[in-house]
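**Q** In case it's useful when we look at the structure, here is the feature table from TrEMBL:
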type	residues	note
BINDING	Gly113, Thr114, Gly115, Glu145, Asn172, Asn206	GTP binding site
COMPBIAS	384-401	compositional bias 'Acidic residues'
DOMAIN	2-224	domain 'Tubulin/FtsZ GTPase'
REGION	379-401	region 'Disordered'
Amino acid sequence: MKLALVGVGSAGVRIVDRIIEREVETGRNFCNGNMLVFDTTQEAFEEVDHVPEDHRALFGDVSPRIDENGTGGNPDLGVDVAREDVHEISRAFDTLDFTEVDGTLLIAGLGGGTGGGAGAVLLEELQAISEKPVYALGVLPEDDESDRSALNAARALPSFVEIADNVVLFDNEEWTDSIDKDDETLEYDEDAETDHEIERDYDELNRSIASHVLLLLGAGEIESMTIAENRADASDLSRTLETGGVSSIGQASHDIERSNSLLSRILALVPFVGGSDGPEPTDAVKVKQVVRDAVDQRLSLPCAVDSTERTLVVLSGPPSAVSRKGFESARHWLENESDTVEVMAGDEPRTKASSLTATVLFSNVTEVPRIDEMQQRAVSVKDEFDDEDEIDPAESEFEFV
């Protein structure tokens, strides 16, 4: 699937930048150069490395209500300045060629005033000008973030769900707990300030989001990819996502021991042939296990998987590692786990890959405790922030569901 990418607010800008970086690294042709990032302050673009300058757009920056802090976390202000500059936003969208893509993916942090507020306005505008699906990827704030962030996300989510064709969610609370602050790849400075460490944590999170997006939504878009027997394509993805609602992604990878010897290729065909430490599982068992791990280990949004309407699984790795028997076994297991017969599956052959990756999409999940908790917290602080922002609830575009 090819998608135009639109990032709104600081989180959306950074994530789009990481997706473009990863697109180049993996040799994919995911967005065909169709990308745009928006914010109310120039500072949001300072650390952008992979989105060209002519694909960055400011709005609301001339408004007297916008200062160096942008919208200051106020989504109603984000909505107002986006509506005031809607013609400039629309002109920026002219740089996107919707004929070259299968749809658009708007990315935003729902806890921010720009992403959560203005993001909904940009979704409306995209739906008005594009005949193809407009999806959203929203990032939920952590529990220890401010009450304001929780309130913003709780207000923004219903608007995103109503406007977008589907909303894929990533829960910061679930993901930042798992980021290893001692990971050498992050190159931490022992004397670094706490906020710098947090920035690095979020950068690692953004890279994880980019990986999930490309291996799922960008499946089959590798330019030099081997022809697949059961290739995941845009029609599978669009059918899975056409349910609307909120969706979650699971992903897991298993390393593969590669050998080009004739003996190893023969032994690979023989079930449970192993070394002195005991029998190695067959390729079929490995395939089923990596799919199970994608579901059981960590989802982008923790949810009851049996509350989903449709499911899609994509296997990415060396063709020799994708057992057809294991593929079908994993699919049947997913049918039982998700309690739906609408389970689509496809593979993405990557000849030089050293791992087998399973990415699973649960579309329109309805039992999500995290959202319920966030809504309850938001209700408890709603009046405080309505008074602080001098917002009349009857005039606000944000409502609870």
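Even glycines carry a Cβ here, placed using N, Cα and C.
Could you give the neighbours, burial and distances for every feature on this list?
**A** Counting every protein chain shown, the number of other Cβ atoms lying within 10 Å of the Cβ of Asn172 (GTP binding site) is 22. Under DSSP, Asn172 (GTP binding site) is assigned to a helix (H, G or I) in the three-state scheme.
Over the domain 'Tubulin/FtsZ GTPase' (2-224), the average per-residue pLDDT in this prediction is 88.
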**Q** Which one is it: of the binding-site residues Gly113, Gly115, which Cβ has the fewest other Cβ atoms within 10 Å in this structure?
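**A** Output over binding-site residues Gly113, Gly115: least Cβ neighbours within 10 Å is Gly113.
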**Q** What is the Cβ neighbour count of Glu145 (GTP binding site) at a 10 Å cut-off, with all protein chains included?
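**A** Its Cβ shell of radius 10 Å holds 15 other Cβ atoms.
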**Q** Test of understanding: give the count of other CB atoms lying within 10 angstroms of the CB of Thr114 (GTP binding site).
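**A** So the number of other Cβ atoms within 10 Å of Thr114 (GTP binding site) is 34.
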**Q** Across the listed GTP-binding residues, Gly113, Thr114, Gly115, Glu145, Asn172, Asn206, what is the farthest Cα to Cα distance, given in whole Å?
**A** 19
**Q** Just to confirm: which same-chain residues, 6+ apart in sequence, have a Cβ under 8 Å from the Cβ of Asn206 (GTP binding site)?
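**A** Those within reach of Asn206 (GTP binding site), by Cβ under 8 Å and sequence separation of 6 or more, are Ala11, Arg14, Ile15, Asp17, Arg18.
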